[in-house]
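Annotated signal peptide per Swiss-Prot: 1-33, in sequence order. Feature annotation from Swiss-Prot assigns domain 'LRRNT' to 34-61. Swiss-Prot lists 62-83 with the feature repeat 'LRR 1'. Annotation comment: Swiss-Prot describes 86-107 as repeat 'LRR 2'. What Swiss-Prot records for 134-155 is repeat 'LRR 4'. What Swiss-Prot lists as repeat 'LRR 6' is 182-203. What Swiss-Prot records for 310-331 is repeat 'LRR 7'. Annotated repeat 'LRR 11' per Swiss-Prot: 406-427, in sequence order. According to Swiss-Prot, the feature repeat 'LRR 12' maps to 541-562. The repeat 'LRR 13' annotation in Swiss-Prot covers 566-587. Taken from Swiss-Prot, the feature repeat 'LRR 14' applies to 590-611. Summarising the annotation, Swiss-Prot assigns repeat 'LRR 15' to 614-635. Residues or ranges marked as repeat 'LRR 19' in Swiss-Prot: 809-830. The annotation repeat 'LRR 20' is assigned in Swiss-Prot to 833-854. According to Swiss-Prot, the domain 'LRRCT 4' annotation covers 866-916. Residues or ranges marked as domain 'EGF-like 1' in Swiss-Prot (evidence: sequence analysis): 927-962. Taken from Swiss-Prot, the feature domain 'EGF-like 5' covers 1083-1119, and the record attributes it to sequence analysis. What Swiss-Prot records for 1163-1336 is domain 'Laminin G-like'.
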Amino acid sequence: MALTPQRGSSSGLSRPELWLLLWAAAWRLGATACPALCTCTGTTVDCHGTGLQAIPKNIPRNTERLELNGNNITRIHKNDFAGLKQLRVLQLMENQIGAVERGAFDDMKELERLRLNRNQLQVLPELLFQNNQALSRLDLSENSLQAVPRKAFRGATDLKNLQLDKNQISCIEEGAFRALRGLEVLTLNNNNITTIPVSSFNHMPKLRTFRLHSNHLFCDCHLAWLSQWLRQRPTIGLFTQCSGPASLRGLNVAEVQKSEFSCSGQGEAAQVPACTLSSGSCPAMCSCSNGIVDCRGKGLTAIPANLPETMTEIRLELNGIKSIPPGAFSPYRKLRRIDLSNNQIAEIAPDAFQGLRSLNSLVLYGNKITDLPRGVFGGLYTLQLLLLNANKINCIRPDAFQDLQNLSLLSLYDNKIQSLAKGTFTSLRAIQTLHLAQNPFICDCNLKWLADFLRTNPIETTGARCASPRRLANKRIGQIKSKKFRCSAKEQYFIPGTEDYHLNSECTSDVACPHKCRCEASVVECSGLKLSKIPERIPQSTTELRLNNNEISILEATGLFKKLSHLKKINLSNNKVSEIEDGTFEGATSVSELHLTANQLESVRSGMFRGLDGLRTLMLRNNRISCIHNDSFTGLRNVRLLSLYDNHITTISPGAFDTLQALSTLNLLANPFNCNCQLAWLGDWLRKRKIVTGNPRCQNPDFLRQIPLQDVAFPDFRCEEGQEEVGCLPRPQCPQECACLDTVVRCSNKHLQALPKGIPKNVTELYLDGNQFTLVPGQLSTFKYLQLVDLSNNKISSLSNSSFTNMSQLTTLILSYNALQCIPPLAFQGLRSLRLLSLHGNDVSTLQEGIFADVTSLSHLAIGANPLYCDCHLRWLSSWVKTGYKEPGIARCAGPPEMEGKLLLTTPAKKFECQGPPSLAVQAKCDPCLSSPCQNQGTCHNDPLEVYRCTCPSGYKGRNCEVSLDSCSSNPCGNGGTCHAQEGEDAGFTCSCPSGFEGLTCGMNTDDCVKHDCVNGGVCVDGIGNYTCQCPLQYTGRACEQLVDFCSPDLNPCQHEAQCVGTPEGPRCECVPGYTGDNCSKNQDDCKDHQCQNGAQCVDEINSYACLCAEGYSGQLCEIPPAPRNSCEGTECQNGANCVDQGSRPVCQCLPGFGGPECEKLLSVNFVDRDTYLQFTDLQNWPRANITLQVSTAEDNGILLYNGDNDHIAVELYQGHVRVSYDPGSYPSSAIYSAETINDGQFHTVELVTFDQMVNLSIDGGSPMTMDNFGKHYTLNSEAPLYVGGMPVDVNSAAFRLWQILNGTSFHGCIRNLYINNELQDFTKTQMKPGVVPGCEPCRKLYCLHGICQPNATPGPVCHCEAGWGGLHCDQPVDGPCHGHKCVHGKCVPLDALAYSCQCQDGYSGALCNQVGAVAEPCGGLQCLHGHCQASATRGAHCVCSPGFSGELCEQESECRGDPVRDFHRVQRGYAICQTTRPLSWVECRGACPGQGCCQGLRLKRRKLTFECSDGTSFAEEVEKPTKCGCAPCA
C-alpha cells in the first residue's frame, strides 16, 4: 500500500523517511563533535593524560584512532565504544583498568591495534575479541592476568603480535592459541607458568619472536614436547630454563634430553591439571574449607583473582595489599565477612563492594586509607560491623553511611578526622556502639550537633575528646555544653603534629603547604631549600610551583602532576637536573610555562614532556644539550616560545621543529653550530618561517664563523667526504658492550670489571654473568625497577650490608659460582619481593640465623656445592628450608664428620648438633684473621676486596709476610760500605759507600775532579773522597778564588760598608743600595724619579724617599684627596635624631616615636602611667570630622578621644570594644560599639567619620557601624580642647555624670598616627602630661610563648603570662628553683635550674635573710675611680679595675694599647637594630698618652659590609675600623 503524505507536510516525505533524515543529521553532528578535555584532528581523537576516570561520551562515530592512555580509567563497560565501527587504533595503556565487560569491543570490526598494557586486569573474559577479525596487534603485558582461557582469543584470526609478558599467568588452557595461525610475535616471559599443554604452539608456522624465559617451568614428562619444539627453532625461545625438578634447575629446556623429562607415579599417563577458570579455585598460597578462604600473612600485594564463587568468608589480613580495585568482590555474592585489616591499603574503588547484599562484617582497620569514596558502602543493607579504626581518614561525607540501616558497631577510632558534618549518623538506626576517640576533633560551632547527638544517644564508648580550641582541649565531647561550641576568628584550630586539611562537606580537601615551603594564594614557593626531589604532597589548588635554586637532579615519573589540574607554571631553574623520566609531567595539561634554565640536561626527547599538551613557553637555557633530533619536541603543538640559548648544540635534525605548530619565538643564540651539510635545511627554514630567532650564527667551519645561519648560501653548507650520513639521532639507551631488548640488558661474558655506562634506568633484567667483578657494583642500587640480576661466574669474594639496597622489586638474584665465603647478616635486607636466590657453587660454610628475615617471598634457595658446616648453628636453616621445600634437596653437609654427605633438606633438624666449636677454618671465613695467617709478627686486617690483608714488619714481604728480605748476610759492600736490605717485591739490597767510593758494591774510587771548583787557572788533583787545587802565584784559597792581599784591611778603599772584590786589575767596590761612586762614597739621589703626587715635596732618604703632602692630602704618595664634604653639614635633625650620609644624601635617623624628614613630628606616644593625657587646643571648626588613629593595648577600658562638653563626641575602650558616644544637641545621646575587640596587644586602626547627623565607626578597615541622630549635625568644637588618652579630673567627672562615658579610666598603651581630616597630627603641639613618653615598641619584636604581648611598658613591650608560666617571654614554668623558696626577708635569685640564693633587705643577713642586724659594709669607705669594690676573706675590701686602669683606687690609666676584638658591628636605624652578617676583627684603643696626645687608631681599614636589621630589611655600607693603635695629636 502506498504511503500517504502527512497533513501539514509540504515535502511529501513519509514518517520513516523523516526519521531517517533526522538520524542522518544527528549522526553527522555527532561525527563532528569532540569530547570535553580531548582534541580532535581529522579522524583522530586524543584524550591521553587528561585525568579521565571513565570513557568519555560523544566520541565522533567516524573516529579511526582513539588515544585514551595515561588516564585513571578503572573499568570498560559494554557500551563504552558502541557505534565506533571505523575505529582502527585504540590506546588504553597506562590506566587503572581492572575489568573489561564482554562485548565491549564487539562494534569495532575494523580494529587493528589494541593496547591494554600496564593496567590491573586479573581476568581475561572469553570471547572478548570474537568480532575483531581485523585485529593484528594486541598488547596485554604488565597486568595481573592469572590464566589464559581456551576461548580468550576466539575470533581474532588475523592476530600477528600478542604480548602477554609480565603478568601472573600460571595456567594456559589447552587450545588457547589454536586459532592464531598467523601469529608472528608471542611473549609469555616473566609469568608464573609451570607447564604448558602439548603442542600449544604447533599451529604457528610464521612465529619469528617467542619469549618464555623467567617462568617456573617444571620439566617433567608433560613438558618433554617443548624441548624438541625449541630445538627445531633455535633462534626463538632463548633462555627458557627449567625451575624444577632440582636436578634440572637452571638448565635450558632445549638442552634437556627426552629421557630426563620424567614423571612420578603413573609416569606419562599422568594428566596436566586443567585450569578451573569458570567457578574459581582456591589460590595456591591460601587454604580453603567450609566456604572460608584463609590468605592471612601470605605476603600478598594484591587481592587474588578467580576466587571460589561460593565462599562466604575471606581473610586477607596481615598482607601487603595496597589497593582494592573496582569490582574486586562483586562476583562473590555469598560473602558474609571480609577481613582486610593490617595491610597497606591506601585506595578503595567506589564499586569495590558493589552487590554484596549478604555482607554483615567488613574489617578494614590498620591500613592507610585517607578517603572513603562516595558510595563505597552503597547497597550494603545487611552490614552490622564496620571497623575503620587505625587509618588516616581525614574526612567523612555526610552520606557515607546512608545505606547502613542495620549497622550496630562503627569504629572510626584513631584516624585524622577533624570535623563531622551534621547528619552523618542519622541513617544508622540500629547503631549500638560508636568509636570516635583518638581523632583531632575541632570543637567549633560545626561540631555542636555531635555533642547533642551523643548526649541523646550515649553510644560512644571510647571517650572522644576535643583537640582544639585550647579552651576545650582534652574535654569529652559528650560532656561539653552546647553553648561552648562556637566559631571565633580569634581562636586557632590548627593542631600541631597533624596535617592541616581545609575540608568541606564533600571532602574536597587540599593538603597544607609542603614542609619548609611558603604558600601564598595559589603560589607554592619552595625555592632555595636544597631540595633533592619535588615534594610529594602539593595543594591541588596550586597554579604556580617554584622549585628553582635547589639540588634536584632527576625528575621521576611519580604521577604527581595528575592531581594538579590548576597548575599553570613550573619553575625548575638553577637545579642539577640531568634526567627527566618519560611521563614525569603526565597529567599536567594545564601547564603553560616550564622553566628548566641552568640545569645539566644533555639531550631532550619527546617522552620527557609527555602530558604538557597546553605548554606555551619552554625555557631550556644554559644546559648542556648538544643535539636536537626530530623526536625532541613531538607533541608540543601549542608551544609559542622555545629557548635553547647557551647550550652545546652543534647540529639539528631536519624537521625537529615541524611539530611545534604554534611556534613564534625560537632562541638559538650562543650555541656552537657546525654549519655543514647537515644544517643546510635550517638556514632555508629560518628564512621562510616568520618567527623571532635573534639570528643564530655559525661557529664552524672557520670561513663561516660568526655569520648568521640565514645569511649562508645553500652551497656553503658543505660536508667532508664520508660525513654526509652523520646525523643527529637520539643515543641508544644501551651500553656498547651489552645487548638490550625492551627492558632486558645482557652484558654476559664481556670481561667487565665495572658496570658499563648507559644502562637504561628502567631496566628490569640485568645479566652480568661470566665477567671479572670482584664486588657487587654499587651503582645497582640506582636501578629501582630491577627484577632479575645475574652475577654468576664472577670473582665476587664478599658482600656488604648495602650491596642490594633499594631493590624492592627484585625477584631473582643469581650469585652462583663466585668466591663467596661469608654472607653478612643484613646482605638481603629489604628484598621483600625476592623469590629465587642462588648461592650455588661458592665457599659458604655457615649462614647467620635471621639472614632471610626480610625475604618473605623467597620460594627457591640454591645453596648446593657449598661446604656447609652442619652443626647447631645451621639447625635453623634445616628447619627453614623444610618449610615449603625452599631448597630442592641438592645442598649437602661437608662437616662435622658425622654429618658429611647428608642432605640439608632431608636430615632431621635434631641431628644438627654442636660437639664443640667449629674448626678455625670455618670460623675464619667470616673472620679470616682468626686463623692468624700473617707470619713473622705481621698485623692482620679484614679487607672486603682481598678477604684479609697483612701489614708486614721490616724485613718481610708476601701475602702472609712469609718472604725474608735479609739480602745483606754476605756483606756484599766493599771499602767499608754499609749494606741496606730493600723492602718490596725485588728483595734486593743497596750499599751506602764511604766518601771517595761508588758503584753497586763500593768498588770504584770516585773521580772527585769531575765536578771540581778550581778557578783562575787552578789545576785539580784527585784524592780519596776529595781533591786539591794547585793555584797560580797571584791567587789563593781552596779553589784559587781569592786574589792576594788586594782587599786587606789596610788597603780596602770601599766606604759605607761596601764589599771589596779583588780582581787582576785591582780592587773593585760593590756598593750597598743608596750609594754610588768608585769607592761608594756618594749618596744616591732617590728623588730623581720620584712619584709624589698633588704637589707633594720629595725628601731623599737612604735608598728610598718620602713624600711630604700638601694640606688635606694623604697616602704614601699623597694620592688620597681630601675627604668630600659630609652631606650632613647644614642639615638639622630635630628631637635628638642623628644625621647619616647615605649616598651623598643626608638622612635623619629618628628616635622612637618621631617622624618627618627632619624628625620634627612626634607621631606615636606611649601612655605609661595612669591618669595621663594629651590636650589639643588649636583646633578648627570643621563641618565634618574624619578621625583615624592606631591603638595598641592589653587593657579592657580606657579613654581614646574626647571633645566638647554638652555637645560632645567621646571615643573610649569599653570591655575591649570601641564605644562611640555622640550628642549633637538632642536627648538622649546615642552610642555605638564595635563588633571587634582590640585589646589583644596588637595595633588596630580605628576610623571615625561624622557627616551631618551620621557617625560611622570602622575597625581595621572592616564593615562600618553606623549611627544616625536627628538632632543638629555635629562639628568638631574648636572652643573645647580635644583630649587624647584621658582628660582632667573635672572634665572626666562631668562626662561620667552625664553618661557620656561609661568608664573614666585613662588609656594605658600606645597611640600612633592620629589623623584629623586626613592631616597627620604632631603630638609635640599638645599639652603632654607626665607619664606620656614618645614612641611605641611594637610587639612584633617580642615573642610570648605562653602569654599575651602588651606594647605599653616603659622599657618596651611586656608579656602577660598565663597561669603556671613566667619569665621574660612566658617560657619558664613557675615551679623553678624559686618556687616555694625559703628567703624570709629578701628576694630569691635563681643560680641555675635547681639552686637559688637570697638577696637580703637592708637590716637582715644570713643565708635565708632571717638574722636581724645588717652586716657592716666593707666597701663603704672605698671609692674606686675606674672599677668596682670587691670584698674577700683574704684581701678584705679592694678595687677591681676596669680594663686599661690600675692602682689601688684604679686611678692610673694604662699606656696606650690596642685590645683585639672580634664581634659583629651594630648600628641603629630608626627603631631597627642592624648588625653585620658576619663578625669582623679590629682593635679597641685604650690607655693614656704622655703630654697632650690621645690614644687613637694609627692605621684604619675600610671595608664594605652587609647589614641585616631586626625589621627584616638589609643594606650595604662602608665601615672603618682601627687595626693599629698609638699616641697622636688629639683630633
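Even glycines carry a Cβ here, placed using N, Cα and C.
In the repeat 'LRR 15' (614-635), helix, strand and coil residues by DSSP number 0 helix, 5 strand, 17 coil. Here the repeat 'LRR 1' (62-83) has long-range neighbours at 31, 43-55, 89-105, 107-108, 110, 115, 325-327, 349, 351, 562, 583, 586-587, 610-611, meaning same-chain residues at least 6 beyond its ends whose C-beta is under 8 angstroms from one of its own.
Sequence-distant contacts of the repeat 'LRR 11' (406-427), counting only residues of its own chain at least 6 positions beyond either end whose CB sits under 8 Å from a CB of the stretch, comprise 365, 370, 381-398, 400, 433-442, 444, 446-447, 449-450, 453, 462, 467, 493, 495, 498-499, 501, 503, 505. Averaged over the domain 'LRRCT 4' (866-916), the predicted model has a pLDDT of 88. The stretch with the most CB contacts under 8 Å to the repeat 'LRR 12' (541-562), chosen from 86-107, 134-155, 182-203, 590-611, is 590-611. DSSP places the residues of the repeat 'LRR 7' (310-331) in helix, strand and coil in these numbers: 0 helix, 5 strand, 17 coil. The list of residues near the repeat 'LRR 6' (182-203) in space but at least 6 beyond its ends in sequence, with Cβ under 8 angstroms from a Cβ of it, reads 141, 157-176, 209-218, 220, 222-223, 225-226, 229, 243, 272, 764, 787.
Using a Cβ-Cβ cut-off under 8 Å and counting only residues 6 or more beyond its ends in the same chain, the repeat 'LRR 4' (134-155) has close neighbours at 88, 93, 109-124, 126-128, 161-177, 179-180, 187, 275, 277, 302, 304-306.
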